[in-house]
Structures are given as structure tokens and as C-alpha cells.
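In TrEMBL this protein carries:
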BINDING   T10, G11, S12, I13, G36, N38, N121, E123, G202  NADPH binding site
BINDING   K122, S148, E149, S173, H196, S209, N214, K215, E218  1-deoxy-D-xylulose 5-phosphate binding site
BINDING   D147, E149, E218  Mn(2+) binding site
DOMAIN    4-129  domain '1-deoxy-D-xylulose 5-phosphate reductoisomerase N-terminal'
DOMAIN    143-226  domain '1-deoxy-D-xylulose 5-phosphate reductoisomerase C-terminal'
DOMAIN    258-374  domain 'DXP reductoisomerase C-terminal'
Amino acid sequence: MKKISILGSTGSIGTQTLDVVSTHKDEFQVEGLTAGTNIDLLIQQVHEYKPRKVSVATKELADRIKLQIPATTQVYYGEDGLVEIAAGTDAEMVVTAVMGSVGLRSTLAAIEAGKHIGLANKEPLVTAGHLVTSLAKNRGVQLLPIDSEHSAIFQCMNGERRNDVAGITITASGGSFRNLSRDELVNVTVEDALKHPNWSMGAKITIDSATMVNKGLEVIEAHWLFDMPYNQINVLLHPESIIHSYVEFCDSSIIAQLGNPDMRVPIQYALTYPERWKSPTQRLSLTEAGSLHFKEMDYDRFPCLRLAFECGRMGGTATTAFNAANEVAVARFLNREISFLHIEEVIQRVLDQHVNLASPDLGAIEECDLHTRKLALRL
Ligand SMILES: NC(=O)C1=CN([C@@H]2O[C@H](COP(=O)(O)OP(=O)(O)OC[C@H]3O[C@@H](n4cnc5c(N)ncnc54)[C@H](OP(=O)(O)O)[C@@H]3O)[C@@H](O)[C@H]2O)C=CC1
Ligand SMILES: CC(=O)[C@@H](O)[C@H](O)COP(=O)(O)O
Ligand SMILES: [Mn+2]
């Protein structure tokens with residue numbers, strides 16, 4: 001019986017993780033769950049999976065949920081609550097599935113507590129990759145990728161010698177507006193931006209896919225997860241999202257991981273690694289898929305990806321500023337305060353003013369994050 005906790009259990013990844021748990025009922029014990037504000041769903045999850053501890057965003061919500069769940073379930077709230085669920089249970093693995101860099105302290109706390117990480121929440125790696133990876137190395141903790149591209153690369157590199165890797169290619173669907181020119185982006189709506197062509201995901205990552213910021217975050221995520229220099233990380237447009245990424249080796253061989261776009265597969269692999277268990281996911285038929293298409297990335301069409309590479313190469317707090325600016329800008333777009341194209345404008349203007357701090361500690365990262373958020377709200 002594997003004991004796990006899920007940070008962000010009411011979200012897209014969190015609920016799919018619980019699907020996987022339900023598929024293998026006798027194999028998992030849920031120690032902790034966390035929600036932000038969706039306490040109705042969390043209450044259902046508490047009754048079904050009986051976690052020892054839960055956390056929600058605010059004290060008010062914590063007081064409300066206490067009236068509707070068994071007294072045996074301890075209730076926490078806020079960032080401290082995330083940390084408590086991350087580190088304060090008997091879980092041997094924590095699935096990090098909250099949205100944004102709010103997951104940084106709880107990710108670090110889980111690692112500090114020696115818990116392996118099923119890593120979906122990519123923003124903590126983007127904002128503080130050196131802290132997350134060095135702590136994981138020091139504590140002997142595995143960072144098992146859930147993000148589909150990084151799960152693919154992880155699977156392709158299994159059993160291979162690191163020095164034989166010539167490079168990795170992260171595939172990109174192109175997002176909701178992949179068939180639009182930049183001129184046609186001027187008046188696009190939130191509703192249109194939320195229509196990802198292949199995946200059903202949370203709102204923020206869906207917008208990030210449309211701006212290509214998601215792929216930029218994934219480039220930085222891959223740099224840290226696989227200790228991969230940026231000049232060995234490529235991005236390729238692949239509209240079908242069937243090849244989830246691939247690795248090229250020194251002998252020119254390419255190993256790729258394919259499958260239907262279903263996050264339960266990478267989630268399950270992170271939970272069961274190094275084993276593979278059966279999955280209810282529909283099997284991929286290449287004859288049905290027919291042709292697969294690929295196109296060189298157009299960095300003029302998607303300038304945010306170029307910015308991400310520049311920030312990654314710069315290191316220090318540049319990626320912290322990039323991530324925080326994007327989180328604020330996407331939230332403003334989703335609140336209909338700014339246009340879609342203004343998202344990249346906010347990021348660019350933040351970076352134009354950013355004074356980079358090399359190898360920052362946690363305090364400096366959190367200070368940069370907060371300062372950037374205040375600035376991005378005004379741009
Ligand atoms: N969805 C996907 O297919 C993929 C997602 N990822 C990554 O996984 C992470 C989660 O994504 P996704 O599941 O789509 O996101 P969702 O928005 O669907 O879910 C986010 C989760 O985090 C919780 N949450 C949000 N804000 C806070 C907060 N301030 N404090 C505490 N909890 C909070 C939400 O709670 P509530 O809803 O109750 O408010 C929810 O449980 C992201 O980093 C994303 O980039 C990576 C690859 C694929
Ligand atoms: C499912 C997943 O991993 C997402 O990150 C998805 O890959 C987004 O797809 P694109 O960013 O390629 O549109
Ligand atoms: Mn991804």
C-alpha cells in the first residue's frame with residue numbers, strides 16, 4: 001500500500017490522480033489532500049478517500065469544511081496548510097498539483113521531509129529550480145515528472161547513459177490559436193483561448209499553451225529536471241500531441257514516447273515507477289492517428305518562448321520574474337482586465353526593468369516574486 005498526498009486534489013491533475021488511485025484501490029492510501037476554494041469537491045474527496053489531513057485556502061473555508069467532514073480529519077489552511085499536508089503525514093510520495101509558484105514552499109517542505117515528488121506543478125521549478133533540485137539531491141528524493149513532455153523524456157532516458165544524450169525535443173501543440181496570425185490575435189476572447197485543441201486542463205496552463213509560455217516553462221523545467229543545457233533543448237510544433245517528446249542520442253537514434261493525450265498515463269507512471277501498471281486509457285492506434293505533422297517553432301509568432309529561453313540562460317531571478325509576470329498577466333487576462341496580446345507585453349516590460357540576481361536564496365526569490373507581481377499589476 002503506497003501512502004500518498006496530493007497538493008491541489010480538486011484541480012485537473014489532482015482529480016485525475018484520484019482517478020488513478022480509484023483504478024488501483026488496494027494499492028494506495030491517501031494521507032493528505034488540499035484544495036483552494038472548491039470545498040464542495042474536497043468534502044466529496046474526504047468521504048471517498050478518508051485522508052488524515054486536508055488544507056484549504058482560507059481560515060473561513062477551513063471553519064466551514066470542519067462542519068461537513070469527520071472530526072478525525074484534521075483541517076489546515078493557507079500556505080502553512082499546504083506545507084503541513086506536504087510534510088506532515090506518513091505519505092512516501094507527494095503529488096504536487098497546485099497551480100503556480102504558490103506551490104514552492106510546500107514542494108520544498110515535502111522534499112525536506114524526504115518524500116518523493118510526483119511533479120506536475122512546474123512553476124516552483126521555474127522560479128527556484130536550483131533550490132528544488134539541489135535539496136532533492138541532498139535528501140535523496142526523486143523528482144518524478146508528471147508533465148507529459150517531461151514524463152516522455154524521463155521514459156526515453158531510462159537505462160540510457162546521460163553522456164550518450166545529444167539533445168531532447170519538447171513537442172508543442174501550438175495551443176488554441178495555432179492557426180491564427182499575430183494580427184488575428186488582437187481581439188481573441190478568453191473563451192476562445194480556453195479551447196485547447198488536444199488537452200482538457202486548468203485555465204492557467206491552457207492560456208499558457210496559447211501564448212507558448214507553457215512551452216517556455218517546460219524548457220526551464222526540463223533544464224532542471226534533466227540537468228540539460230539550453231543548447232541541447234529543442235522545441236518542435238506537433239499539432240496532434242501524440243509524440244509527447246523525444247530524446248536524440250549520439251548515434252543519431254531517436255527514442256520517443258507516444259500515446260493518446262491522457263494525463264492519467266504520466267500521473268500513473270510517476271506513482272508506480274519503476275513499475276508500469278495497467279491503465280484504462282484508450283490505446284493509441286497509429287493507423288487511426290494516420291499522419292503525424294511537425295513544423296519548426298516560429299519564435300516570431302510565439303515571442304514568449306524566446307523570452308523563456310533568454311531568462312533560462314540568464315539564470316538567477318530572471319526565471320522568477322518571467323514566471324511571476326506571467327502568472328499575474330494570465331490572471332488579469334482571465335479577469336478580462338487586459339487583452340490576450342497584453343500578456344506578452346507585461347512579461348516583456350517586467351523583464352526590461354528586471355535587475356537580475358545570480359544564485360538567489362529562497363528569501364531573494366520570494367522578494368523578487370512579490371516585487372514582480374506588484375509591478376505586473378500596474379503594467
Ligand atoms: N492540467 C494538466 O493537464 C497539466 C497541468 N500541469 C501543471 O500542474 C499544475 C496544476 O495544473 P491544473 O491541475 O491544470 O490546475 P487547476 O487550476 O485545474 O488546479 C489547481 C489546483 O490548485 C489549487 N489552488 C489554486 N490556487 C491555490 C492556492 N492559492 N492555494 C492553494 N491551492 C490552490 C486549486 O484549488 P481549487 O480548484 O479548489 O480552488 C486546484 O486544486 C500546474 O502547475 C500545471 O502547470 C502540467 C501538465 C499538465
Ligand atoms: C498535458 C501537458 O503536459 C500540457 O503541458 C500540454 O502539453 C500543453 O500542451 P501544449 O503546451 O503543447 O499546447
Ligand atoms: Mn506539458
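Even glycines carry a Cβ here, placed using N, Cα and C.
Taken together, the residues in the domain 'DXP reductoisomerase C-terminal' (258-374) have a mean pLDDT of 97 on the 0 to 100 scale. Among the binding-site residues D147, G202, N214, the residues whose Cβ lies under 6 Å from any atom of ligand 2 are, in sequence order, D147, N214.
Same-chain residues that are not part of D147, E149, E218 yet have a Cβ within 8 Å of the Cβ center of the Mn(2+) site turn out to be K122, P145, S148, H150, S151, I170, N214, K215, L217, E221, A222, S245. The binding-site residues near E218 (1-deoxy-D-xylulose 5-phosphate binding site), taking a 10 angstroms Cα-Cα threshold over the set T10, G36, N121, D147, are D147. A Cβ distance below 6 Å to any atom of ligand 3 is met, among the binding-site residues T10, S12, D147, E149, by D147, E149. Sequence-distant neighbours of D147 (Mn(2+) binding site): residues of the same chain at least 6 apart with a C-beta under 8 Å from its C-beta are L119, A120, K122, E218, E221, P266. The sparsest Cβ neighbourhood within 10 Å, among the listed binding-site residues (S12, N121), is found at S12. Closest in space to H196 (1-deoxy-D-xylulose 5-phosphate binding site), of the binding-site residues given as T10, S12, G36, N121, is S12, taking the CA atom of each residue. K122 (1-deoxy-D-xylulose 5-phosphate binding site) counts 29 other C-beta atoms within 10 Å of its own C-beta, drawing on all protein chains shown. There are 19 other Cβ atoms within 10 Å of the Cβ belonging to H196 (1-deoxy-D-xylulose 5-phosphate binding site). Among K122, S148, E149, S173, H196, S209, N214, K215, E218, the residues given in the record as binding 1-deoxy-D-xylulose 5-phosphate, the maximal Cα to Cα distance rounds to 19 Å.
Taking Cβ-Cβ distances under 8 Å and a sequence separation of 6 or more, the neighbours of N214 (1-deoxy-D-xylulose 5-phosphate binding site) in its chain are G175, I205, D208. Helix, strand and coil content of the domain 'DXP reductoisomerase C-terminal' (258-374), in residues and according to DSSP, is 69 helix, 3 strand, 45 coil.
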